[in-house]
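Asker: Sharing a structure, written as structure tokens. Questions coming.
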Amino acid sequence: GKNCSLLQEMDVIQKQDENCYCYVQNRTIHLQYLWSTLQIKISSREKFRFEPISEKNNCRNSETVFEFAACAVQILWKPETCTETFLSIKQYGEDVCFKIQPFKIEPYMVRVKREMLDGKLLFLFVAGIFLFHFANSLSRNAKFFYLSGIILGVLALLVFVLLTLKRFIPRHSTFWILMSGSWMVSLYFIYCFKENIQWLWSEHKNYLLGYFLGVGITSFAICYQHGPLTTELNITLFTWTLQLTAFVLIYFGVTIPQVAYAVIAVSLCSKGLCYPLGAACHIARKMKHHFKSKKLVFKYLTEEEYREQGENETLRALEELRSFCRSPDFPSWIAISKLQAPHRFAAFVLGSPHVSPAEAKMHDEQYGIGSSFLEEQLFETRAQSEQDEPANSVHEEDEENENEMHTQIPLPYATELL
């Protein structure tokens, strides 16, 4: 610790001898570093040995058998020699120390650069939020089921194999014990793969692509053979698994753990409050619709619509009157005693028209086109217009035009009466 050089942001160090370097985290929390990482690049023209020397990589400090096994596996996986390596340090994480051992007297460069917005962290965070809120619909999608099977087979092969062979395990307790161990081993291999992805891709690209292709095709074939989930219990378990995975993505998608906890808590609350909030909104809409004063909308009818509506309403009212007269509650004897023509009333109740043909003809002669009532109204209007003309008839064209307009007025008025 005392002999190691402390790294700062924007440092560019060039050395050629063996040395160790440490980056000490700043414990002051700033929200601007929510998706920020520190990138350390070590490059040289000759090969060198990169060796982490932090406490978690020291196998002598392992307290349990699992930690010792994890440390041993990590030592076997770490690259021994290389000409270039990258180290991504998460903000507000653990302090990182490493040692550089060049094989030849050749200078190497250590560059420190801060990336304010790490795209990988932001992608994990957004993917976690999306996966949590759409877990219910995604768990019922067949295409997403096949995609999840491929991802599970590639990243957690032991878990996928155990789920495939579940029917051959008679006891549930044995299955869950094996499942717990498979998940722990798979998570550790995922962690080792994440730490050494650059070295594996540069040194063993063909093997890595072969593994992805072979395991992916096999996983898809097995999932396609079993088919998508159908029972509600399996769909519910798959939904809970997706939501738990979303929480893991949210936690690893930010650099401040407190922010991750707050986002997870808000997500849980929003998921739990969606049903009461939906019920409250539905009740509010019902109450608003009940107490809202309806605005009257006036519609002007044309002459044809007016006549058609009058005929329909008249026929409907006459049918209602006939139905009422046929009902047992109608006082028939009292009504007949007050009528002048009981036979005509009985015919009306049985379905005859309420107006006789003679009465309809008389109405047309009196109020129809060419009737005496219309002629009286027309001549009366003309006489009134002649009385309203000015006494002085010695005027020029303006007065004559005005008189012509006065004489033309009764025609539209007569048309309205017609």
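Cβ coordinates are placed from backbone N, Cα and C, and glycine is handled just like the others.
Quick caveat, the model's predicted, so the values are computed rather than measured.
Sharing the features that TrEMBL gives for it:
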TRANSMEM  121-138  transmembrane segment
TRANSMEM  144-163  transmembrane segment
TRANSMEM  175-191  transmembrane segment
TRANSMEM  206-223  transmembrane segment
TRANSMEM  235-254  transmembrane segment
REGION    381-418  region 'Disordered'
Asker: Between 175-191, 206-223, 235-254, who has the most Cβ pairs under 8 Å to the transmembrane segment (121-138)?
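Answerer: Out of the listed stretches, 235-254 contacts the transmembrane segment (121-138) most.
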Asker: Which bits of the chain, at least 6 residues beyond where the transmembrane segment (206-223) starts or stops, bring a Cβ under 8 A of a Cβ in it?
Answerer: 145-146, 149-150, 152-154, 157, 160, 164, 200
Asker: Within the same chain, where does the transmembrane segment (235-254) have neighbours whose Cβ lies under 8 angstroms from its own Cβ atoms, ignoring anything closer than 6 residues to its ends? I mean 6 or more beyond.
Answerer: 34-35, 121-129, 131-132, 135-136, 138-140, 145, 148, 229, 260, 263-264, 267
